[in-house]
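*Asks:* According to TrEMBL:
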- 18-226: domain 'Glucosamine/galactosamine-6-phosphate isomerase' (DOMAIN)
- D67: active site, proton acceptor (ACT_SITE)
- N136: active site, for ring-opening step (ACT_SITE)
- H138: active site, proton acceptor (ACT_SITE)
- E143: active site, for ring-opening step (ACT_SITE)
Amino acid sequence: MNILTFDSDDKLNEAGAGIITGVVQTNKRAVLGLATGGTPVGLYKHVVSDFKRGMFSFKNVTTFNLDEYIGLPASHPESYHSYMRQHLFDHIDIQPSQAHVPNGNVPDPKAECARYDEMIEDSGQIDLQLLGLGHNGHIGFNEPAHALTRGTHIVDLAEETRQANARFFDSIEEVPTQAITMGVGTILKAKMILLVVKGADKADIVQRALQGPITTDCPASLLQTHPHLVVLLDRAAAEKLA
Ligand code: F6R
């Protein structure tokens, strides 16, 4: 595992964007696994400005997002479809048909999970998987559990997760209770994983995830088993690391 710590948010975002653009520049047909949430917003901004300088193209790139809420239409401002359009897809030349986000607004979410897994399988292998980290150690929406799930599946969101995400909605009642998420097995199958974590409120979970026991109680701790894990932290998030 390669842990890099940054004093400046901008430098961290620049480094994260550099890793993503590096993958796309060296492999025009790259398959990227993408995340949403507060953490990667600045990183996507850097990717967009690099793209606008004509440094590379996403024309042949395929992306798979980690997750989507169940019950929100794609057009809802807080859906992860909307997030990705706002922060990345609307500003680059990716083919919309190649930018995949699970559809959480279908009559049969289970069938959607199977369809999503099939598409990931058909794409070969995810070259780079971008991840944020939940306060309880979740990656994607794989919440702490006795057993983790390999493929894409439906999850009940932990109360803690709904509370953390309530900041994006008018009230906690509006935060969906379920989501579709890529499984930990799929995440770990990526060739390279880029975990980005910011803020003092994540310092404890960063320590548990990277230096604590490998346990399904902290799904991110499974990342310790990955041969190509790069972790970008700000000083505050890195504070409790030994
Ligand atoms: C988002 C995702 C989540 C977030 C995590 C951290 O697609 O899969 O695991 O990465 O909840 O969220 P932020 O960055 O908002 O703290």
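Any Cβ shown, glycine's included, is placed from N, Cα and C.
Those TrEMBL annotations? Automatic predictions, nothing curated.
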*Asks:* Go through D67, E143, the listed active-site residues, and name the one with the sparsest Cβ surroundings, counting other Cβ atoms within 10 Å.
*Replies:* E143
*Asks:* State which of the following active-site residues has the fewest other Cβ atoms within 10 Å around its Cβ: N136, H138.
*Replies:* N136
*Asks:* Of D67, N136, E143, listed as active-site residues, which ones have a Cβ less than 6 Å away from ligand 1?
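*Replies:* With ligand 1 as the reference and 6 Å as the Cβ limit, the list reads D67.
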*Asks:* For the domain 'Glucosamine/galactosamine-6-phosphate isomerase' (18-226), what is the mean per-residue pLDDT, to the nearest integer?
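*Replies:* Residues in the domain 'Glucosamine/galactosamine-6-phosphate isomerase' (18-226) carry a mean pLDDT of 97 in this prediction.
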*Asks:* Rounded to a whole number, how many Å is the Cα of H138 (active site, proton acceptor) away from the Cα of D67 (active site, proton acceptor)?
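*Replies:* If we compare the Cα positions of H138 (active site, proton acceptor) and D67 (active site, proton acceptor), the gap is 12 Å.
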